[in-house]
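Features reported for this protein in TrEMBL:
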TRANSMEM  12-35  transmembrane segment
TRANSMEM  55-76  transmembrane segment
TRANSMEM  88-112  transmembrane segment
DISULFID  C153-C183  disulfide bond
DISULFID  C154-C171  disulfide bond
TRANSMEM  197-221  transmembrane segment
Amino acid sequence: MRCRIRTTKCQLLATSLCVMLLGLSIATLSTVTHYGLHFTLFSDISLESNSYRVIHYTAFYFGICLSMTLILAALLSSAATVRESQCLIAMGFFCFALAFCGLIPAAFWRYMHSMEVEDSMMDVYDLVYEEVRRNVSSFRRHELTAIHEAFLCCGKHSPFGGTTNVEHNMCPPGQAHNMGQDCLQEIQDFLKKHMDFVSVLLCVTIGFTVYGMILTSFLWFSIHFSSNLDRKGKYILR
């Protein structure tokens with residue numbers, strides 16, 4: 001029994017270290033997503049009727065809370081492993097379960113509503129592009145230029161072919177519309193790479209979270225039954 005407990009403790013320590021690294025990775029990804037140039041541009045430009053700003057802030061705060069829960073679960077599990085405390089093990093299991101309950105809706109939202117992020121960013125770009133094309137606002141010209149520089153793109157393809165005055169005036173020098181990249185396609189490719197990385201991180205984190213729940217529950221029962229076996233057959237002098 002003690003040999004089995006030692007093996008479980010080693011596995012739980014290794015899992016806790018991986019979970020802590022995953023928690024730090026989620027916190028870093030959430031911070032980069034929130035403060036990154038590609039995302040802040042659209043967050044500052046988007047209108048109140050557009051859902052991108054809500055998604056932008058919700059993803060950041062959710063990611064930070066999830067990372068803190070994972071790091072707390074890793075710390076509690078590590079302390080419980082060293083001290084063999086059933087109370088700490090139970091708290092670690094609760095944190096793993098809480099993180100799991102947050103990861104499952106996040107993964108579900110990623111696969112069911114990921115197009116909502118793409119559509120909202122496309123809508124923001126279309127709004128800025130059309131206002132610049134119609135010369136509605138001079139301030140929009142600076143915003144469109146910033147998007148072109150951030151995504152290294154140049155306007156958008158017209159279904160009728162050819163270029164507009166936006167491409168000739170707003171694109172970087174030497175990057176004509178027929179030579180430059182379509183901004184809508186560049187935004188789509190950028191989001192696809194970002195979402196693929198998020199998907200991999202979520203899947204790996206879910207796997208380690210489930211494994212951490214199994215190890216903490218197994219260690220709790222092992223310590224519980226081991227302490228009962230140690231007391232079995234002993235007499236207490238009064």
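Positions of Cβ are set from backbone N, Cα and C atoms, glycine also.
If you take the C-beta of C183 (disulfide bond) and look for same-chain residues 6 or more apart in sequence within under 8 angstroms, you find Y125, Y129, I147, H148, F151, C153, C154, G155, K156.
Sequence-distant contacts of the transmembrane segment (55-76) (same chain, six or more residues past either end, CB-CB distance under 8 Å): 16-17, 19-20, 22-24, 26-27, 29-31, 33-34, 39, 42-43, 88, 91-92, 95-96, 98-99, 102-103, 106, 116-117, 120, 205, 209, 212.
Cβ contacts within 10 Å of C153 (disulfide bond), excluding its own Cβ and spanning all protein chains shown: 23.
Taking the Cβ of C154 (disulfide bond) as centre and 10 Å as the limit, one finds 22 other Cβ atoms among all the protein chains shown.
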